Each structure stands twice: as structure tokens, then as C-alpha cells.
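Features as listed in TrEMBL:
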type	residues	note
ACT_SITE	CYS2	active site, for GATase activity
DOMAIN	2-210	domain 'Glutamine amidotransferase type-2'
BINDING	ASP97	L-glutamine binding site
BINDING	LEU258, VAL280, SER355, GLY356	ATP binding site
SITE	GLU357	site 'Important for beta-aspartyl-AMP intermediate formation'
Amino acid sequence: MCGICGIIGEVEHREKVLEQMMNRIIHRGPDDAGTHEKGKAALGFRRLSIIDLEHGHQPMYNEDGDVVIVFNGEIYNHMEVRQELLEKGHVFRNNSDTECLVHAYEEYKEGMLSRLRGMFGFAIWDEREQQLFMARDFFGIKPVYYSVIDGCLVFGSEIKSILEFPGYKKEVNLQALDQYLSYQYSVLPETFFKGIYKLLPGHYLKYKDGEVETYRYWNAVLHPEKKQKAADIEAELKSSLENSIEAHKISDVEVGSLLSSGVDSSYILANAQVDKTFTVGFKEGDGQYSEIGQASALSRELGCENYQKVITPKEYWGALSKIMYHMDEPLADPAAVALYFVDQLAAEQVKVVMSGEGSDELFGGYNIYHEPTSLRPFKIFPAGFKRWMGKRLAASRGNFKGKNYMIRGCKPLEKRFIGNAHMMDQEEKRSILADHVPATDPTVLTAECYEKTQGLDEVSRMQYIDLNFWLPGDILLKADKMSMAHSLETRVPFLDKEVFRTASKLAVHNKVNGKTTKFAFREVAAEKLPESTFKKKKLGFPVPIRVWLKQPKYYERVKEAFTGEDAAQFFKTERLVELLDDHYKGVKDNSRKIWEVYMFLVWYQVYFHDFDQYMAAK
């Protein structure tokens, strides 16, 4: 795992600018650094040494020196690809997966991507073609950003590198703020920084003669089988999972595992057989905010050592600014902070951890995926009647048991589901945003995905939305940024092409049914885990935000931000205080919406006031 950055084009003091860009991401690779500067191209690299410790230095070249790469990630099938290239006459100098990518590009150009199995964000400068080729992995495990500034293409593993380019002028993208309030994460291709873009998952980019072109090379399309024998699909799933976990163990340094008490991380641990696991929790509540006890017991049962930490409120709130610095963009997922601390704990012992991200999206693990079944009674009513009834219910002032259920039942799937986190609708956003900030319908963004999945069952369509929005925008982004903040590599064995090939075939009843979620996967896990684990309901990283926001200390802290000058630039501050006060007094649980706005304001303080105070080592 590493960090990459670069400039294609001429800029004054380019070597110094590249050095500053690299320094901003030293946390991604403190073990080594390298640069390539020739002609139009200046490429920078920070290395975290994990595989081929002696020969993995980058940038890396082909035999002639006219194809050069900087690469962040791991290619788990590089030995197979290498053998194929050797048979075609390519000459290798070392055993790294990086060199394999160089030769694969020479042989196949963009066709190389279909042969890869792994996680990656890389940039290849082709001196002969005078072209940059940049690619991001299938699911979006590794991030890559880019911008065209003063005639130069500037790119990096993190946005903060690009901000070091002297021609860039920081400006908040108000469209990103608008949709963030609906999704809780940065959802648009253009980031919160105007003019800086994400390279989307499953996409590659070509830059030549001042022109940027992006292409999609892979799509997480589901093909659920209607008739399916449980025993057959479970056997296939077991085989692909065990193969993936074995591949993800490959390393020249020690590998550990993040562990909750849930089935995903527990199954990885049972198969990976690592020696060290890592768990965090909170002391608030009656155990609902901590899985330390269960994780510790499972670790003992499987013969490994569990390292654990109880996060205090002071530590949690004290880390928010640093976390927003590392995230690059606002993220309102409270679990990001818990992830920051468990990664910090792990980094004290190992350089690599395995984690369970992706299981819920692939196998049908979210409770919301039960909704199509629960709303089935509404199918008997005509669409026009449901639209009329839905509007009447939404406009009614009184609250009664089942009102929200009825409102959702009157909406088509395309209007009620935009992903796992649906925070604010258009009207709610308009009520709190300043008049000059747009407030648009969040379903506009998901319309294309729904168009592509017409004819599929509703659960599969919901999964496709989460695979394209929630997974890369929240789950994987925080997994990468929080681990890299501590120079730790996170590997996610569920998000493997071969595992997906099997998961994409799962019939609906083998994903969710009246009993549980992730049915087929739980049946596979039952062979390895105690019943209390493989049947356990999903918790995620439970965080007591709503409890803290009712405490005077944290209420006042948030209120100060909500009434400040920064808030007044973007929001109706009196409305923000109403949200906060209603929560504090117990009128309504507004904790997630409050947290969304507060995290944006913390991020704004870091990047528009305090950015120069953050040294690269942070």
C-alpha cells in the first residue's frame, strides 16, 4: 500500500511542487520515496513496504525506460499474469506486482485491466505515446483524484496532494454540499473541492494533448438466478471465499484482522488464521456500543490474541479535526472515528489487516433489504392512488404508529431508496441551507442505476445502488483513509472479482428471506463459526452520538459551530439551532442530521482555515 501523485505538464519549480505533494501523503508510505521527472511527466511515490521488500522501489520502468508507473495497491494474481507475459517474451527484473503491471500495459494497453485481480489505483506515463494512463480498481477500494489546472493534469491518491499545486484556488463545490446532506458522504464525481474529480470505480483515464477522457471498463452487474439449489451455490461461494482469503494473506510482513462480533470479520478470521485481532468499543449504554467481549471470546476460541481499546468521549471528539484532514472530504458516518482508532491500535502491531467490508453489499446483508417483502401488500393498489395517498400522508401533521411505513409503501422503489444512508430529502435540505446553496432531489443521481437494472428484483436493484454509491462513497473510502492515516494497509477479501462472480448469481431467497439477511453466506459461515456468531444481527460500528449530543458539554460545542460565521455562509443558522435544541430536549432524534452539518463545519475549518497547520506526519 502506498501513495501516488504526479503532474503532467510544465509548472514553475515542478520538482519542488512534486516534493510538497509527496510530503502531504507521507502517512501513506513512510518507508520509501521515489520520483520520475522527465519531459512532460513528473511522478511521485510514497511506499509502505509489504511485498518484495528489497525490490519494490517505485517509480518502476519497462526494459527500455519509456513506460513508467506509480502504483498503489495489491495485485493478487500477478504471478499468473507474469507467467503469461514471460511466455510472450517480456523480461522481468524482480518479483513485484508493480513490474507486472508495466509489462501488462505494454502487451495489452487498457485490456490489461480485465486480467487483474486486486485493489489498485495507478498511473502509467507512456513516453512514446506522450500519454498518461490511469486506472482505479473494480469496486473503488483505492482512491484516485485528478484535476486539470493551468494546462497541467495533476493527480494523487489523496486530494490534499493536489491542493499543493500552486495554481489551484480552493473553493467549495456547493452541489457536493447539497447531495452530501442527502447521502452523508461525497457522492458526485466532482469532489467538495471545485474542479477536483474522483476517478470512479471500474474506470480508467487517458490524458493526451491536454484532453481528459474517462472510460468504464467494469460494472458490478447482478444476474440473480431464479431457480437455484442452495447446496450448489453455497459450495461455489465457499470455494471462492476461501480462495480469496488465501490470496489476500500474501505478504512479506505480518497480517492481522479487524474483528467485531459479527459474521463477516469472524468468518475472515476463521479462514485466515492470523495471530492478532483488533477491536474497539465504547463504555456508554448497556453494552450496545461495544463488541469487545464477544470479539475477545471468539479470538480465544480461534487461538489468537485480541487487542482492544475502549474509546472515551474525549478521545472521540478530540480526533474529529484530524480525521476530517485525513478523509479529504466531509463524511458524516460516525463509524469513521471508531475505524480510525481500531486502525491506530492495529498499526502498533502489524502493517496489514484484513477486514469485512463488502459482504453486506454482495450477499444482501442490510436490514433495509427486507423492505420489498414488508411492503408487498401495497402492490395491490394502483400507482395513481399510491401517489395521492403518499402526498396526503406526508402533508398530515399528526404522527401515528405506522405512518412512515405507509408513506414508504406508497412510493416506488426509485423514490424511496437512494442507498443505505438517506439523511435529508429536498424539502429538509431547503429548510436549512442558505438561499444561494442548491437543494435538489437526491433521486436524480440514482435514476441511471435504476434504469440499468429494470427487470431485476427489488433487492438486487437496491444492492446495485449500494455497490455504486454507498460502498465506494462511504464504506471503502473510510476504510482506506483511516488505515492509511496510520500507515496501515487494509485488505477486503469479500471484494474480489471471483467472489463477486458467485455472489452476483445469488437468488433473492438466498440473500434475504423471512428469517435473516445474507442467508447463503451465513450457511457457509456456519461450518466455521459458533451459532451465536453466524446468526448474529448486524451492528456495524455502533457509536453513541445521540447520547453525547444530549450532554451540555457537547451540545454547547456543536451550538458554537452552528452559530458561527462559517455556518452562516452555507446554512440558516437559526434552523440548525432548532434541530440541535429539539434533539437536546428529547423532542426528536436529530442526531444524524446534526452530525452531518457538524462534520461539514469541522472539515471546512480544517481545509479553509487550518490546512497549513497540518504537517504531513499527521
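Backbone N, Cα and C define each Cβ position, glycine as well.
Positions of the features from TrEMBL, shown on the structure.
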residue	record	DSSP (3 states)
CYS2	active site, for GATase activity	strand
ASP97	L-glutamine binding site	helix
LEU258	ATP binding site	strand
VAL280	ATP binding site	strand
SER355	ATP binding site	coil
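What surrounds the ATP site, by Cβ distance within 8 Å of the Cβ centroid and not counting LEU258, VAL280, SER355, GLY356, is the set SER257, LEU259, SER260, SER265, PHE278, THR279, LEU339, VAL342, VAL353 from the same chain. Listed recorded positions: CYS2, VAL280; maximum Cβ neighbour count within 10 Å falls on CYS2. Computed over the domain 'Glutamine amidotransferase type-2' (2-210), the whole-number mean pLDDT of the model equals 95. Cα spacing between ASP97 (L-glutamine binding site) and CYS2 (active site, for GATase activity): 13 Å, rounded to the nearest whole number. Cβ-based neighbour count (10 Å, all protein chains) for ASP97 (L-glutamine binding site) stands at 23.
Under a cutoff of 8 A between CB atoms, and with a sequence separation of 6+ in the same chain, the neighbours of LEU258 (ATP binding site) are SER265, THR277, PHE278, THR279, VAL342, ASP343, ALA346, VAL353, MET354, SER355, GLY356, THR490. Counting Cβ atoms from all protein chains shown, SER355 (ATP binding site) has 24 others lying within 10 Å of its own Cβ. Between the CA atoms of CYS2 (active site, for GATase activity) and GLU357 (site 'Important for beta-aspartyl-AMP intermediate formation') there is a gap of 20 Å. The record assigns LEU258, VAL280, SER355, GLY356 to the ATP site; their largest pairwise CA distance measures 15 Å.
On a Cα basis, VAL280 (ATP binding site) lies 17 Å away from GLU357 (site 'Important for beta-aspartyl-AMP intermediate formation'). Every protein chain shown contributes to the tally, and the Cβ of GLY356 (ATP binding site) ends up with 23 other Cβ atoms within 10 Å.
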